[in-house]
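Chemist: Would you mind keeping the following structure in view while I ask a few things?
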Amino acid sequence: MAQRTGLEDPERYLFVDRAVIYNPATQADWTAKKLVWIPSERHGFEAASIKEERGDEVMVELAENGKKAMVNKDDIQKMNPPKFSKVEDMAELTCLNEASVLHNLKDRYYSGLIYTYSGLFCVVINPYKNLPIYSENIIEMYRGKKRHEKPPHIYAISESAYRCMLQDRKDQSILCTGESGAGKTENTKKVIQYLAHVASSHKGRKDHNIPGELERQLLQANPILESFGNAKTVKNDNSSRFGKFIRINFDVTGYIVGANIETYLLEKSRAVRQAKDERTFHIFYQLLSGAGEHLKSDLLLEGFNNYRFLSNGYIPIPGQQDKDNFQETMEAMHIMGFSHEEILSMLKVVSSVLQFGNISFKKERNTDQASMPENTVAQKLCHLLGMNVMEFTRAILTPRIKVGRDYVQKAQTKEQADFAVEALAKATYERLFRWLVHRINKALDRTKRQGTSFIGILDIAGFEIFELNSFEQLCINYTNEKLQQLFNHTMFILEQEEYQREGIEWNFIDFGLDLQPCIDLIERPANPPGVLALLDEECWFPKATDKTFVEKLVQEQGSHSKFQKPRQLKDKADFCIIHYAGKVDYKADEWLMKNMDPLNDNVATLLHQSSDRFVAELWKDVDRIVGLDQVTGMTETAFGSAYKTKKGMFRNVGQLYKESLTKLMATLRNTNPNFVRCIIPNHEKRAGKLDPHLVLDQLRCNGVLEGIRICRQGFPNRIVFQEFRQRYEILTPNAIPKGFMDGKQACERMIRALELDPNLYRIGQSKIFFRAGVLAHLEEERDLKITDIIIFFQAVCRGYLARKAFAKKQQQLSALKVLQRNCAAYLKLRHWQWWRVFTKVKPLLQVTRQEEELQAKDEELLKVKEKQTKVEGELEEMERKHQQLLEEKNILAEQLQAETELFAEAEEMRARLAAKKQELEEILHDLESRVEGEEERNQILQNEKKKMQAHIQDLEEQLDEEEGARQKLQLEKVTAEAKIKKMEEEVLLLEDQNSKFIKEKKLMEDRIAECSSQLAEEEEKAKNLAKIRNKQEVMISDLEERLKKEEKTRQELEKAKRKLDGETTDLQDQIAELQAQVDELKVQLTKKEEELQGALARGDDETLHKNNALKVARELQAQIAELQEDFESEKASRNKAEKQKRDLSEELEALKTELEDTLDTTAAQQELRTKREQEVAELKKALEDETKNHEAQIQDMRQRHATALEELSEQLEQAKRFKANLEKNKQGLETDNKELACEVKVLQQVKAESEHKRKKLDAQVQELHAKVSEGDRLRVELAEKANKLQNELDNVSTLLEEAEKKGMKFAKDAAGLESQLQDTQELLQEETRQKLNLSSRIRQLEEEKNSLQEQQEEEEEARKNLEKQVLALQSQLADTKKKVDDDLGTIEGLEEAKKKLLKDVEALSQRLEEKVLAYDKLEKTKNRLQQELDDLTVDLDHQRQIVSNLEKKQKKFDQLLAEEKGISARYAEERDRAEAEAREKETKALSLARALEEALEAKEEFERQNKQLRADMEDLMSSKDDVGKNVHELEKSKRALEQQVEEMRTQLEELEDELQATEDAKLRLEVNMQAMKAQFERDLQTRDEQNEEKKRLLLKQVRELEAELEDERKQRALAVASKKKMEIDLKDLEAQIEAANKARDEVIKQLRKLQAQMKDYQRELEEARASRDEIFAQSKESEKKLKSLEAEILQLQEELASSERARRHAEQERDELADEIANSASGKSALLDEKRRLEARIAQLEEELEEEQSNMELLNDRFRKTTLQVDTLNTELAAERSAAQKSDNARQQLERQNKELKAKLQELEGAVKSKFKATISALEAKIGQLEEQLEQEAKERAAANKLVRRTEKKLKEIFMQVEDERRHADQYKEQMEKANARMKQLKRQLEEAEEEATRANASRRKLQRELDDATEANEGLSREVSTLKNRLRRGGPISFSSSRSGRRQLHIEGASLELSDDDTESKTSDVNETQPPQSE
């Protein structure tokens, strides 16, 4: 930007004075102090200078007050040089960090510069004051300027978008985002102001009737929207409480032709309540302040304090008057074209909203019902809205609600009534706002001019992160996620498009996908559903609440990476989403209500039926709202009728918003977006104050830092070649030579001279691109260079000035000497008399000469005057002639221009006619193909009809057969039911016996159940721990110990059993049975233990095999890696051989050219010899004979040589192709060969062979080199010995023969190579076969391993089941001993110990949480360091580059300056020290990694011990005898655990110290640690999900089983009545068939009548076409005339072209002859005659050319005559058009007749039954096709008439088209009549057959299903009854099972039944109704 001093007032807020910034003193101060940024609580960041470094901390001195402080290195951020102060684009900053960005924005803001570029977008900070930078002068300053030509401004963004739209013809968008009060609305208005000024449609136009009306309306739309949609908040006095997208349409020329506004998320709740110190929408205050008395009385207005909805009364806005704003709003409405009635109706609705708030309800005494004690307010409200007061009161207090199929009056409570009134007020205002926007769009819509492009301006709130966020914040943040994704994608796309334009190598990166997980979390419809989908789903569920919604959300999305449970606000927030801008806690209160937005549909219906048309229009979509019955149905009924009737009739708020957002994003994606980020500087609304922390938060939320980061990942600094050369050529003084050089080449030379790293720059087509910081480095080098040059220049200037002063003094000294000498001489001569005489006489000598000189001058003056007059006359004559020639030239040019234009028009007409003809021919072909297709379809339908008739007959036969089978099945069903009843009776007897037995054991079972439940819980814990540990040995030892304990307890129980035998005989029998069962279980347990041991042994063998296999696999991988290296070397050698092969072929080609050169030299020598033969006559004949012989031999040898070379080249090409194929195969096999071990040997052999080949080829190349050198020697000898031609020719022949031999030899070599390549291919195939075999073997091993693992898991499950049975028996026997009472004390003691342990565990978990918080702190530090990671890497590269540059300079100047050696040594020492520090940090990082691993291992050990402790607790709970011992062990383990925790604490403290010290190295380790942690969490999560899934599946299976049982009951009840229904259905079918036949006959009759009417219409159409044909005949005559004229024109053009070709041919011959004359100097005398002849021929041709030109003029005259004839023909065509109009009238009459036909068909459709609707609709479709064809014909006719106006040759094609269409239309109508009849008959028959078939199939399937169910139930019950009888006889365990489902089982084992009487009866009924599967 140009430097400016003394800036004017507006420019002071736009431009920066760079002269102040480029201050050398400031630069030197910055360099000396090592300034950096350090964190500050007050200022965000403060400037400080580094004084001392102490390890990880740095001593700094604050620049502001000089205080010193210790700061961690990680908290320091680099500072940019002073020359980057107040930079206009922050992407240019070399050190890009939060501190630098904040400092730059702060400096510019304090200087009044509120606009700053940040990469590709613009950042705006609200100044909170008016700046003079928005005037028309500023607009004109930015108009037509590019972005970089002017300082940052919203006008620059608007201008860029406007110019891009005009140039690229692509729609544009400007996206303004930011917090409330940041200035989004104001910047939106400035954009509209700029576009309205720049693209005003009335500027430069002739129409001044309504100057700029559209632009005025566009500007006045904002005040209206602000009045109804803006409000005063704490942050902003004019806050937009809605988002809007303003779409401004432009025409092709860039003028505004219309606009459209779309709004989003109006905060309608503000209309009913406001926060403290806030206002509702402006219109309420404006209306109450500005309305006159008459208007107030009409609207029933009162004071501010009389309205409940104005929560805070009247709150004025500083600097604004609501009364004046009301007048401005009314004036804006008038400008927008609002009528007085519309304005009054709107204000009535506004007043009614206030009246809603004044309605008060009262709770009645004895009930909760609400009542309205005072209805005055209701009367006012109903008066304003046009409703009945009584109906309104009834609808509010006792609305009608649909329950089932009936409507009931439901009384409302006071809370429900208040809620309904507020909801109505909000809905009314929202609908008013929507109508207002629609009305403004209607006013801004213009249909006169078509808009081709548009610019959209988006004004929407940015990310909102409060302490607790609701549904509105979710919608806003969801929108911003989508916009940020669009920003990332678009920004980097633009950057990369420039790279592609400039031809830079670049890998495409899409940053838009980074935000996709969070977007999916919100909007995903299913699998799993997102937040909005779950909210919609929950809205439909009965008895759903916000709590159930949150539970579902956690269940579905709990594992999502962007979803978390709140940590800090656990009690307040429900869930947390990680947005782009940060973590946001959401509170889901009233989300269901907000999403449904329910209304009192009774009142809504009254509003819809209002007497006020405006109110009725607002509520016209009343059928799409959620009513009270909907909400009632959710809370009281389970999917009631209200749910069914209302579903699908409306969409929820979330769904509507998602759709509108999707539409908006689709619009924005199709545009070129321009981003404007608005920032609020403070919340006090004070000008000149900037809160650093607030701005930093907004920068993060707006993505400013992220955007710059994305921009800097590429090459953010770029400069055009010319500017780079001009600015930095000073650094490379001798790199560019003098003279002209292309800019790109010059820059490449400069870059090479600067010795830059190639990774730091890219050279494009017009610019050179640099990484961040490179230009800053070049600037520093340039400053140093300029400083040296200036110093040198000053020295030169001082020397020059000193020398010049010295020379001047010397000159003065010599002049003084001359003056002194002259003065001394004058003093001597002044008294001499002759001197006096001399001084007096000398002047007189010139007097006589002066007169002579004057006379000579006078004569000379007269001559000059005469010449001047003569020249002036000649000049006038020349000017007159020149003017005359110019006039003639202009006339000729105009004539020539007119003729060329006429010719071009004629040519264009011919091209258009040819294109039209082609189009008509294509249409004709399409029509013909359609006719053929219709015929084929008719034939297909005919065939289908025959097939369907045959199918109907088959179905009738099947129906008869199935009827007989059904009767048989009915008989079998009756017998089966009798058997089932008998079985049920037997089962009831058995159940009675079981119930008696169960009653006796009921008391005992209750206590058993309690203990078993406790043991089951402990067992579940043990099982989970066992799964985690996977230690089979520990589990086996536990089993052995438990078995021993069980044996002891069994012995004790036997003793107790003997005692109990004397007490109760019944119990003795039961205990004996239990004892027998225990013995059996013991035997089974021993067997299972043996099986478990075998399984464990097999598992050990399998693990051993697996380890061996893994070892073999690792060895194979190592071998494959070696093989890969050998293969790469082999590939390199092969490439080298290929290169040598190419070199060899090139040498052969060179040899061939050399041989041809030798032949050329021999030909030249032969010519010399012929010249000598002319001089020596005697030798002429002999030499001619010899030359002939030699020529024949040479020709023969050439042919042989050429053929040999061609064959050789073909063989080489074949070898290359074959080799290329082999290379492809080889590359395909490379990936597979990695797994094969034998490839090493094969490829080594191949390598040896290829090495051998390479050596062979090297030898061949050397031989060829030798032969080439020999050829060179022979060629030299041939040139020296010209007299020995014969010998030289012999040598050439021998050389050719040798070349042929070489070619043959090379062909043999190629064949050898080919065979070797074939061998290689065979070897590769063999290797692939071996690889496949090995892979199949590996798969077999894996399958065997999987099968063994499955067996092991099954055995483990069996073992666990045995453990459960053993534990159950143990608990039961313990209860029988009655020792439970004695053990209760110990159990309580154990529970207390357990509670203590749980407390200890909780304390440990708290400590772990503290450690987690410490880790979070470290993660924050890591995030801060991550932001500077890119800059650090860049700086590291920069430092390495500096070191390399210094090394190079050391080598250059080592011999010249001794001081440079010291400097280079110092730099080398610094480099070594830096490298040592880096190595030391790397070692620290490794030690840290080891320490972390040790900590993780200690943590795992702690977890294992914790789990062991829980296992010990379980053992304590299960074993009652060793209580004290276990407690002691628990205490010991507790102490050990606490000791380990203490050790872990110390270790973690050491780790924290080391982590704080080596934060840079820790970054890599934390990434790995996070990955491991995420993997562990994912594993746990998947395990939990699997458990939950199993649980859900079990519940689902239970529900399915219950549903199946219920269905079976229903089917059994309906089975008896099915036969009667089938018979009735058959009778109905027969009756329907008869009725259908009758209706079919009636339709056939009606169709015949229609066909007769169609024939009459066709006759009328033919008459109309006959009249049209007469018109076409007349037009054909005119076409013939045109054709003849066209033929003449074409003939003349051909003649002209032939003459032109002849002229060019003659000129070509002349040029060739001239060349021959010039070349043939020896035959000059013989060619002179030929030259004269040719000159005569040329003269003749020139005469002919002149004749052709005269003919051309005649042709032009004739062409003009033809144009006149064309004009006359056009007049004739005008007459023809009137005749064509008559034919159009006839066509319209036919269309009317067709419409009448359609009406008749509709009447027929109403008469025929519903089953024939499809047939009638098909007929309508056919008639519609005819109408479309007629309309198409009309369109083509109209297009043809338009083309006739322009050209004379279109009549023929149009008439031919009309004739073809007439003929085709006749054919189509005939075919359609036939097709209609066929289609009608076929469809009728098809429908009848399909209905009959479906009915028959349904009945057959139903009967078959019932039969199958009955047979299955019968057989299953019979089997179960038999098994039950057998088991009862044996006295063994009885199990009733539903084998059909396999999921519910009831085990009865002796005395261990666990069912009550009720349960037994229900189970019995379930068993009776369960059917086992029947195998068919």
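The backbone N, Cα and C atoms fix where each Cβ goes, glycine too.
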Chemist: From the set Ser1335, Ser1918, Ser1956, which residue is assigned the annotation phosphoserine by Swiss-Prot?
Modeler: Ser1956
Chemist: Tell me which residue from Ser1145, Ser1533, Ser1675 Swiss-Prot records as phosphoserine.
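Modeler: Swiss-Prot records phosphoserine at Ser1145.
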Chemist: Write down the residue from Ser1293, Ser1810, Ser1952 that Swiss-Prot flags as phosphoserine.
Modeler: Ser1952
Chemist: Could you state the whole-number distance in Å separating the C-alpha atoms of Thr185 (ATP binding site) and Lys442 (N6-acetyllysine)?
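Modeler: The Cα atom of Thr185 (ATP binding site) is 22 Å away from the Cα atom of Lys442 (N6-acetyllysine).
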Chemist: Looking only at the domain 'Myosin N-terminal SH3-like' (31-81), how are its residues distributed among DSSP helix, strand and coil?
Modeler: 6 helix, 30 strand, 15 coil
Chemist: Between the binding-site residues Gly178, Gly183, whose Cβ has more other Cβ atoms within 10 Å than any of the rest?
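Modeler: Per the Cβ count within 10 Å, the most buried is Gly178.
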Chemist: Please tell me which one of the modified residues listed here (Arg18, Lys442, Lys1645) sits closest to Gly181 (ATP binding site), measuring Cα to Cα?
Modeler: Lys442
Chemist: Compile a sequence-ordered list of residues in the same chain as Glu179 (ATP binding site), six or more apart from it, whose Cβ lies below 8 A from its Cβ; state 'none' when nothing qualifies.
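Modeler: Listed in sequence order, they are Lys235, Ala461, Gly462, Glu464, Cys678, Ile679, Ile680, Gln698.
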Chemist: Looking only at C-alpha atoms, tell me how far Lys442 (N6-acetyllysine) is from Lys184 (ATP binding site), rounded to the nearest Å.
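Modeler: Rounded to the nearest whole number, the Cα-Cα distance is 25 Å.
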Chemist: If one measures from the C-alpha of Gly178 (ATP binding site) to the C-alpha of Lys1645 (N6-acetyllysine), what distance in angstrom results, rounded to a whole number?
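Modeler: Checking the Cα atoms of Gly178 (ATP binding site) and Lys1645 (N6-acetyllysine) gives a distance of 74 Å.
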Chemist: Please determine which of the modified residues listed here (Arg18, Lys442) has the lowest count of neighbouring CB atoms within 10 Å.
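Modeler: Counting other Cβ atoms within 10 Å of each of the modified residues Arg18, Lys442, the minimum falls on Lys442.
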Chemist: Drop a 10 Å sphere on every Cβ of the binding-site residues Ser180, Thr185 and tell me which sphere holds the fewest other Cβ atoms.
Modeler: Ser180
Chemist: If I take the alpha carbons of Lys1645 (N6-acetyllysine) and Arg18 (omega-N-methylarginine), what is the distance between them in whole Å?
Modeler: 96
Chemist: Identify, in sequence order, the residues in the chain of Ala182 (ATP binding site) that are 6 or more apart from it along the sequence and have a CB within less than 8 Å of its CB; answer 'none' if there are none.
Modeler: Val124, Asn126, Gly462, Cys678, Ile679, Ile680, Gln698
Chemist: Under a three-state reduction of DSSP output, how is Gly178 (ATP binding site) classified: helix, strand, or coil?
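Modeler: SS state of Gly178 (ATP binding site) = strand.
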Chemist: Which ones in the same chain are close to Lys184 (ATP binding site), with CB under 8 Å and 6+ residues apart in sequence?
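Modeler: In sequence order, the residues whose Cβ lies under 8 Å from that of Lys184 (ATP binding site) (at least 6 apart) are Cys176, Thr177, Gly178, Ser240, Asp459, Ile460, Ala461, Cys678.
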Chemist: Around the Cβ of Lys1645 (N6-acetyllysine), how many other Cβ atoms lie within 10 Å? Please give the count over every shown protein chain.
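Modeler: That number is 10.
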Chemist: Which whole-number value in Å describes the distance between the Cα atoms of Arg18 (omega-N-methylarginine) and Ser180 (ATP binding site)?
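Modeler: That separation, Cα to Cα, works out to 34 Å.
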